[in-house]
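Straight from Swiss-Prot, the features:
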SITE      Arg10  site 'Important for substrate specificity'
ACT_SITE  Asp71  active site, proton acceptor
SITE      Thr72  site 'Important for substrate specificity'
SITE      Gln155  site 'Important for substrate specificity'
Amino acid sequence: MLYLASRSPRRQELLQRLDVPFQTLQLDVPELRAADESPDQYVQRVALEKAHAGLALVQAADPDAIVLGSDTEVVLGERVFGKPVDVDDAVAMLRALSGRTHQVLTAVVLVCAQRAPAQALVVSEVTFDTLDDAQIAAYAACGEPMGKAGAYAIQGRAERFIRHLSGSYSGVMGLPLYHTSQLLTAFGAH
């Protein structure tokens, strides 16, 4: 059985598009970046930790379990934007992204007891239009930025702010479907 180690409804929705049966695991994995950790290393480590935590949870009951872990972060320079802690934090993130190009890093990891982990790191570039204070305040107040890396949902109201995207749209949402499908096929789970 395939398990998705994620609380994200977007990842669940995206994984359903691959027509692979799976169960969702509700896990709490700390997402704290070490001082010497690059954004690439950080997102890959968190995805791997989610997958391993999920495997530890289900392996006794399902020895053939395959667990998918994923993490997405928004990066501007060396600054990593996680999920905003409140509306003011969301406003600050959106101001920083306004009129600039940032990267969205999404790591996907598959683990099981029988083989080494398989992983992919997908880097997309997103250019925001220049947003005025009223646009930022209105978007932050709508609630959509909460729980989203970088304080925006590309598939939601923020889509109108995206001037250019290079990379994986589904990766920016939280699960790059092409790369995930390739990993599942390599693992014999698709």
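Keep in mind that glycine also has a Cβ here, set from the backbone N, Cα and C atoms.
Here the candidates are the recorded positions Asp71, Thr72, Gln155. The one whose C-alpha lies nearest to that of Arg10 (site 'Important for substrate specificity') is Gln155.
Of all the recorded sites listed (Thr72, Gln155), Thr72 sits in the most crowded Cβ setting, with the most other Cβ atoms within 10 Å. Using a 10 Å radius centred on the Cβ of Arg10 (site 'Important for substrate specificity') and all shown protein chains, the other Cβ atoms total 19.
In this structure, Gln155 (site 'Important for substrate specificity') belongs to neither helix nor strand by DSSP; it is coil.
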